[in-house]
Amino acid sequence: LGINGKVLRIFDKRTQQKFALKMLQDCPKARREVELHWRASQCPHIVDIVDVYENLYAGRKCLLIVMECLDGGELFSRIQDRGDQAFTEREASEIMKSIGEAIQYLHSINIAHRDVKPENLLYTSKRPNAILKLTDFGFAKETTSHNSLTTPCYTPYYVAPEVLGPEKYDKSCDMWSLGVIMYILLCGYPPFYSNHGLAISPGMKTRIRMGQYEFPNPEWSEVSEEVKMLIRNLLKTEPTQRMTITEFMNHPWIMQSTKVPQTPLHTSRVLKEDKERWEDVKEEMTSALATMRVDYEQIKIKKIEDASNPLLLKRRKKARAVEAAALAH
């Protein structure tokens, strides 16, 4: 039994109805996950918990969480598999509205999800009218004032800048993830990437922390400046400057999604062409998740004055020599 739990497909013998079963080793963390997920599952865009059982498995106490079965697959797989039919800006807007509704509900009841990423966004069925739902509350946390978030648990391509440094972070972490997902929806690739095929390289860390990304053509040539500005407001490196979920939901591109132009996007083609890389990215993210959830206590970033950077030492030495020479004259 893993700490984050394995999900199995099960069915009701009486009705033949399908469900998803998540097994968690019984511990305070697991109970917290179940409690927060249960509280949130009233939202139509969050996977519903049907029942929770305590049991013994291989002699260990465990929790069995019975949830609705989401048969429609992952968000980006669905866009990838759509054939020749172009994915449009209006569809991207409608998808972002659905995800926004889930986050809005969570934030309104003081819960931060902290792991909003495409793999945790699943459709209820393969039908065109299927509902997109947010899953996996393994890293969700209550965000009351006495309990600000201090544990980094993240997936490289969707990790907010403040998770990489020692600053505290809160609901704005989810907003940053929304920005990354929106960016991918509109072009088919992430705004931050590793040049070396590593899950999270030093260069990528720097780009994330500095908020360095572009809107390259041809993929972005037809996307309006208003939409790019919305992404910029979600990807702000300073959490306090980042858009809140209320501001996001009130933005015309989200609020009036039916009026958004049906501009064909490159997303589906790019995702198809990069299918192998996309799978690698997901694998990297999964393995990186296991290794990167470190306690903030272990992250100590030295002040620049105390840093023993050889380049800085060289510069300081040179500066002192220049100063000494000037004084001598």
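Positions of Cβ are set from backbone N, Cα and C atoms, glycine also.
Note on Swiss-Prot: of 144-148, 214-218, 314-318, the range annotated with the feature motif 'Bipartite nuclear localization signal 2' is 314-318. Given the ranges 224-227, 280-283, 300-303, the record in Swiss-Prot names 300-303 as motif 'Bipartite nuclear localization signal 1'. Along the motif 'Bipartite nuclear localization signal 1' (300-303), the predicted structure has mean pLDDT 37.
Rounded to the nearest whole angstrom, the C-alpha distance between Lys22 (ATP binding site) and Ser257 (phosphoserine) is 34.
Look at Val7 (ATP binding site): DSSP puts it in a strand. Taking the mean position of the Cβ atoms of Glu68, Cys69, Leu70 as the staurosporine site, the remaining residues of that chain whose Cβ falls within 8 Å of it are Lys18, Phe19, Ala20, Val47, Asp48, Met67, Asp71, Leu122, Thr124, Lys133. Counting only same-chain residues six or more apart in sequence, the Cβ atoms lying under 8 angstroms from the Cβ of Leu70 (staurosporine binding site) belong to Ala20, Val47, Leu122, Tyr123, Thr124, Lys133, Thr135.
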